[in-house]
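What TrEMBL records for this protein:
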- 7-26: transmembrane segment (TRANSMEM)
- 32-53: transmembrane segment (TRANSMEM)
- 109-125: compositional bias 'Gly residues' (COMPBIAS)
- 109-175: region 'Disordered' (REGION)
- 126-141: compositional bias 'Low complexity' (COMPBIAS)
- 143-154: compositional bias 'Polar residues' (COMPBIAS)
- 155-167: compositional bias 'Low complexity' (COMPBIAS)
- 250-269: transmembrane segment (TRANSMEM)
- 281-303: transmembrane segment (TRANSMEM)
- 288-408: domain 'O-antigen ligase-related' (DOMAIN)
- 397-423: transmembrane segment (TRANSMEM)
- 443-463: transmembrane segment (TRANSMEM)
- 484-500: transmembrane segment (TRANSMEM)
Amino acid sequence: MEELLRWCFYASFICIAGIAMSNRQLYRAVQAAWHLLGLALSLSALLAVCGGLRLQFAIAYSSSPAVSASGARLAGLLEYPNTFGAVMAVFLLERLFAVAEEWGGRAGGAVRGGKAQGGGTGKGVGNTDAGQGAGSKSAGQHLSRSSVQESGVRSSGQGAGSKSAGQHLSRSSVQEAGVRSSRQGAWSSGAEQGIESSSVVQGAGSRSAVLLRSLPLFPYAAALLLSESRGAWLAAAAAAAAVLLAKRRLIAPLVATGAAPAAAAALLYRQLARAGLAVEPLPGLLALAGCWAGALLAGLWLCRRCQRSAAGSARAALAAALCWTAAGTAVLQQVYARIAGPSPTASARGLFYRDAWQLAAEAPWLGQGGGTWRSAYLAVQSRPYVGSQVHSGYLDLLLNLGVSGVAAAGLLLLAALWLVSASPRLLAPALVILLHSAVDFDWSYGLVWLLLLGLAAAGAAKLQHGQTILPPRKRSSGWRIADHLRIFAAYGVCLLLSLLCLRAETAQQLYTRALQASHQAESTAWLRQSLDWNPLLPQTATALARLLPAEESLVVLQRGLEYSPQNAALSWEMARQLWQGEQPGPALYWVRRSLQLDRYNVQKHLAAIEGMLGMAERKRAEGEERAAMNAAAAGTELLRQYRLLAVEEGRRGKQHNDRYFGDREEAVSLHRRLVVFLEV
């Protein structure tokens, strides 16, 4: 039910986002929300390091140099460095390509304007709006040479003109061209009184606009570097390279745009990494503010130099190359040992993938439902590792939905790629999500899906805005009735999903109250109500069974196992209830089954052996010698299997033994007790 609600929420989001982005006002609001989200994620994480902002689990610490070169990695509000790095790469590439497209368009407009000015005065004045070509001949714009000479206005290459200059704009030609921009063809009246002053204002406005657009680049880059996510770095580099191969005109603007933020972010990364991401608030804030201001000013200088003469462009290109080289060298020196050395995380993921493929082979076509790996990895793991996530979004889809679900998801992803393919600023971040999700569990975060679907909705909106407006067609009454039926069906589905959400949320709240209750009777009452609202929760059934008498607890456990037959906690609780009873046979069956579902759990092995020994002692005290000997023999066999498994695991070494599985001293004590019991 959780997966059903989740995917329905994604479908609702894409519908709402598509409707919102089809409206220009709402589209701007969605854009603002996108930027606010990115800044909130990046700045909250950076302030947790530099500004003393207290965020639990915002920094992930590790003593292993193979996991973190500095001993600490930035995780932010997502509390996981790899996914946090991928999300920062998404926001960084979106802004980087947006600014590069803007500067590329301005540079192209400046070059065209320079050519027009060199050819003569007043030969053809085009109105250029940020490189959009507003004022093309297809729009029917015409300016006569004689009228320009009479007004005494010289063309500056910016498309400035006046109404008295003989501007004639044909409405029909604009409609035929499909021009939808309200800013296209905007001309200033009274050119004689202030063309020079207007150009100065326009230059100041362009500088402020560039500063505003470049504002998030530094925090995104700094957060990406501080996450130390090699997968996010590689995904960002691969996505940018793929887009630049198709849009080679953006190479120079992108290099110039990202040089200063990259160098400043690398400088901040080196300073914080040496301190293990532990700095005082005042020095940290000063370093953050200084690097940010330097990145903005240097980036603005580089971009403006690129638009001037050829010599200025060459010097700016050299400076940008030096910035990128310095940034790469600084980061590489810090993480070289982690990149070049052996990677235990990569080998651990190899184990995950191998075990996941074996699990997927059990139900290849339709999968085993939501959360398959989380609930079944303890039963299929070949080593005692700890990993409730399979670290591959595509493999997780295969486990949950099978080949059919992966095919449907593949079509969805291909459609999203097609929608964003026309815009580099949308295509690059979408590629980051698709690439990094192959090697990590990004899709376990709903935020990542929302980002991808939001990019697809933005791409669809751009395609829709670029199409010609056609007059609405008249629809028959039959079509109108069908539309109403579809609307009512959508309302019905939404109502049903709302009821399911209400039941699930109520059950979860009751379960939380039961855990916080101080009296057993109160806790039992809350758990019963929670199970009535949602009988699919195995943790509720397990907690309730521990508080009830033996007969009632067995009924609750059997009902829970009907919904979750492979749940290790339910099976173990059933085994524990039975070995406290009178029948060794069923107890041994459920003990073996629970150990198969969690084979590398030392505590369960030892508790099961002690439970069977306790049953044997009770049976002997009751005079049932045969039942006592059977229970003791079962305990002896369980001990033998546990020791064989411990010896086998000991031969493989300590690597990937995250659960510290091995032979314990308690096993020696249990062996002695069993030997004494059998000899008597």
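For all residues, glycine too, the Cβ spot is worked out from N, Cα and C.
Unlike curated records, TrEMBL annotations are generated automatically.
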Counting Cβ pairs closer than 8 Å, which of 7-26, 32-53, 281-303 has the most of them with the transmembrane segment (443-463)?
7-26
Proximity of the transmembrane segment (32-53) to the transmembrane segment (281-303), 3+ C-beta pairs under 8 angstroms:
yes
Long-range environment of the transmembrane segment (484-500) - Cβ separation under 8 angstroms, sequence gap at least 6:
1, 4-5, 8, 12
Tally of helix, strand and coil residues over the domain 'O-antigen ligase-related' (288-408) according to DSSP?
92 helix, 0 strand, 29 coil
Taken over the domain 'O-antigen ligase-related' (288-408), the model's mean pLDDT:
89
